[in-house]
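TrEMBL has this to say about the protein:
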type	residues	note
TRANSMEM	20-37	transmembrane segment
TRANSMEM	49-67	transmembrane segment
TRANSMEM	73-92	transmembrane segment
DOMAIN	93-258	domain 'DAC'
REGION	270-296	region 'Disordered'
COMPBIAS	271-281	compositional bias 'Basic and acidic residues'
Amino acid sequence: MHAVWNWITLRLSEITFPKPIEFIDIVQVLLIAYFVYHVIRWVQNTKAYTLLKGILVIVGFAVLASIFQMQTFLYLLGALGGVALTTLVIIFQPELRRAVEQLGEKAPLSTISLPGSSEKQERFSDKTVNEIVRACYEMGAVKTGALIVIERNITLEEYEKTGIAVDGIVTSQLLINIFEHNTPLHDGAVIIRGDRIVSATCYLPLSDNMSLSKDLGTRHRAGVGVSEATDSFTIIVSEETGNVSYAVGGELKKAVTPAELRKQLHLIQDLPHKQEDDGKGKYRFRKKKKEGAGES
């Protein structure tokens, strides 16, 4: 105990008080706090949370070794430190990659386009939105499971190659036929690019998010998994309950209404709303708003 007290006293004596606090100091503290907060949130939702507890134990031993001058233990920690850091980067390469991608997706960075990039002005039409909504809720009514992935900025070719090429215009009838029980294409995910279904029976990565409910099946975990790995918008129809859910950015929104689903599809569409479908095949048209008027 005397050694611990001496160590604390020595460290306190080395503290020097900084210059008066300036505006830039406050900005730095806020930036660091923001960064630490998001790192903690990221760690809690991955396998890194369990590993972090083990690292904290090692750090605790290192502090004790420093206090009691355990030179051999400190030497081993120093020798293994570089190797351990490299190993951690390799183990968590997918998580680190997704974290950097999410940083690039945030505004205003998401509005920056590099030379040579060919980003589409129109992702899909209003007709495609209506067909997707109608198909999802018709399948939900008869409890037909479905997994639909809509490509956005990050290409899904890597997952598209795991399935069977379709290259058909998006219609509710085609989607329902694909996911019908006992059909060759019903198992796996459908990938939509623009107004076309490009592939079916695709394999998707499963999410290892520890905060997800254990009641969720493989279909929901695959939907969340691909939304973690890419910026795709994924729609899941539950085979057990018939509920329609969607996943985006690693977040799952369960049991949404047709209006909610349509709203989210319009948000990623890049075009103003023109027509709507109530999920039962009936269309209604929005009146054109006067310029400058808000939407009720």
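If you go along the chain as it appears here, the first residue is 1 and each next one adds 1.
Glycine is treated like the rest: Cβ placed from N, Cα and C.
Unlike curated records, TrEMBL annotations are generated automatically.
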Tertiary contacts of the transmembrane segment (49-67), defined by C-beta under 8 angstroms and 6+ residue spacing from its ends, are 3-4, 7, 43, 73-74, 77, 88, 91, 210
Within the domain 'DAC' (93-258) only, compute the mean pLDDT. 86
